[in-house]
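Working notes, beginning with the structure itself.
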Amino acid sequence: MAPKKKIVKKNKGDINEMTIIVEDSPLNKLNALNGLLEGGNGLSCISSELTDASYGPNLLEGLSKMRQENFLCDLVIGTKTKSFDVHKSVMASCSEYFYNILKKDPSIQRVDLNDISPLGLATVIAYAYTGKLTLSLYTIGSIISAAVYLQIHTLVKMCSDFLIREMSVENCMYVVNIAETYSLKNAKAAAQKFIRDNFLEFAESDQFMKLTFEQINELLIDDDLQLPSEIVAFQIAMKWLEFDQKRVKYAADLLSNIRFGTISAQDLVNYVQSVPRMMQDADCHRLLVDAMNYHLLPYHQNTLQSRRTRIRGGCRVLVTVGGRPGLTEKSLSRDILYRDPENGWSKLTEMPAKSFNQCVAVMDGFLYVAGGEDQNDARNQAKHAVSNFCRYDPRFNTWIHLASMNQKRTHFSLSVFNGLVYAAGGRNAEGSLASLECYVPSTNQWQPKTPLEVARCCHASAVADGRVLVTGGYIANAYSRSVCAYDPASDSWQELPNLSTPRGWHCAVTLSDRVYVMGGSQLGPRGERVDVLTVECYSPATGQWSYAAPLQVGVSTAGVSALHGRAYLVGGWNEGEKKYKKCIQCFSPELNEWTEDDELPEATVGVSCCTLSMPNNVTRESRASSVSSVPVSI
């Protein structure tokens with residue numbers, strides 16, 4: 001017998017060291033030839049995402065072709081007269097309505113939509129498969145109805161945008177009706193604005209006479225309705241009422257939207273009283289009588305203010321009053337300027353008399369101008385202080401002289417609170433004043449109130465937290481840091497924390513319930529006057545002062561007003577340059593920064609500034625021919 005061969009066992013380590021040869025795939029060979037071996041030192045591999053721009057359109061085209069051939073369609077959508085074969089996945093991908101019902105029951109084979117027109121549904125299905133559609137004012141009603149019902153939001157937006165784009169005088173009410181029916185907020189807002197802006201032309205169209213009472217009532221109540229005058233609004237309302245005798249019952253309610261108080265007494269007689277209905281209908285006649293009484297009682301107009309005395313389409317603008325222009329001994333100014341948002345500064349009117357270092361206030365839509373100086377005498381300004389007090393009405397471009405202040409005042413402050421006007425401190429030929437007096441419009445009288453603890457002038461005041469804050473100024477021949485607050489409810493004064501920097505001839509303004517003190521001058525180390533650039537802010541909530549961004553240009557005897565949440569500091573005298581300034585500096589409390597705005601037409605000191613609601617340009621132009629702009633006294 002032959003001996004058995006001895007089998008030699010290889011250990012585990014020997015097996016691991018064996019080389020296993022695997023034939024390269026064609027791809028690996030190709031990569032190797034180009035040096036693209038993984039982990040090697042060949043060319044680097046960078047992956048990129050590529051997009052086929054034609055893939056989406058091709059996919060839609062393929063799906064649309066499949067639907068036309070009824071290939072793989074798995075859902076039938078029916079209307080009262082017609083059915084459509086579609087793919088569930090396509091309809092569910094663009095319609096929340098189909099997505100929800102198919103998610104509940106994916107096996108559903110048919111959906112009947114009897115409230116949707118075949119035309120509307122066919123257009124929606126075509127849009128789902130192509131992303132395209134043809135719209136017209138004749139078909140959009142059925143299409144948007146289907147799109148809203150099926151919750152296809154992109155299609156609803158396309159329809160809304162189409163309505164806005166195609167807006168005209170002839171179809172604007174049609175757009176309003178569709179927008180209201182299907183809750184298209186953007187389209188409705190656009191249509192309403194279009195009608196407001198083109199109301200005169202719209203009132204001549206056939207669509208206007210078809211308005212319901214609710215629709216014309218909503219238009220005539222609108223503050224932003226663009227009209228040349230309120231007389232035109234009255235005539236348009238009467239035109240609608242007289243078109244159908246059945247509308248007579250709406251006369252008083254509809255005409256209550258006419259701003260009769262903004263029509264002059266002469267025009268009320270000429271154009272309103274001459275209309276028979278205004279004399280025969282008791283409720284309509286009462287509207288006329290109320291307007292007449294409003295004009296006959298000028299001192300009571302503050303308490304008679306209402307929606308019917310407020311101008312339409314008013315625009316809040318910056319207004320400057322008086323001052324001394326130029327670097328020479330030029331006469332004082334009577335001019336009142338306003339800044340049109342589009343056209344810049346223009347002359348609004350003239351004051352009854354020239355004025356310098358006067359104070360202004362706005363209350364109930366009226367501009368009040370008080371005190372100041374009537375002569376240019378730099379050596380003795382207090383000698384020429386006056387007690388004049390007058391009121392400007394921007395609706396009619398007219399002035400009335402009111403009761404003079406009890407004391408002549410210049411370099412004082414004027415504040416408005418709770419329907420009353422407060423004049424504090426200042427100086428005149430007799431010296432600095434501590435007195436405080438309050439103007440009551442209904443009686444046209446000034447009433448003395450508790451005086452300041454010490455006489456002060458060249459200060460600034462602002463209203464916050466129900467109190468009048470009086471800041472800084474000139475006390476006992478020295479610049480002051482002191483601050484005190486007057487409480488009209490208790491007719492008492494309270495000391496508040498001082499300013500960090502003494503100042504006089506400065507400004508104060510309220511922004512977002514905080515008082516900002518800016519500008520003015522103080523004495524430098526050598527006893528010379530220097531500009532104060534620091535700006536301080538008082539918070540009634542904490543009762544403390546803090547710093548805000550400093551001024552870029554120091555100014556004294558400037559004017560300041562708040563507009564759209566910002567402070568505008570205009571004109572003034574710069575001590576560093578010894579120069580009158582025409583700059584307008586704008587402060588944003590949100591950004592805590594100052595920026596240069598446009599300039600005044602002329603460098604001016606002793607100028608006052610306020611914000612006033614003005615009629616729009618069309619109204620201003622039309623009233624000039626019917627209402628005198630010459631100052632009058634009543």
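We number each residue from 1, going along the chain as drawn.
Cβ atoms here come from the backbone N, Cα and C positions, even for glycine.
Keep in mind that this is a model prediction, so the values were computed, not measured.
Straight from Swiss-Prot, the features:
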type	residues	note
MOD_RES	Ala2	N,N,N-trimethylalanine
DOMAIN	73-137	domain 'BTB'
DOMAIN	172-273	domain 'BACK'
REPEAT	317-365	repeat 'Kelch 1'
REPEAT	366-419	repeat 'Kelch 2'
REPEAT	420-466	repeat 'Kelch 3'
REPEAT	468-513	repeat 'Kelch 4'
REPEAT	515-565	repeat 'Kelch 5'
REPEAT	567-614	repeat 'Kelch 6'
What are the DSSP helix/strand/coil residue counts across the repeat 'Kelch 1' (317-365)?
0 helix, 33 strand, 16 coil
With DSSP as the yardstick, break the repeat 'Kelch 4' (468-513) down into helix, strand and coil residue counts.
0 helix, 26 strand, 20 coil
Counting by DSSP secondary structure, give me helix, strand and coil numbers for the repeat 'Kelch 5' (515-565).
0 helix, 26 strand, 25 coil
DSSP residue counts for the repeat 'Kelch 6' (567-614), split into helix, strand and coil:
0 helix, 30 strand, 18 coil
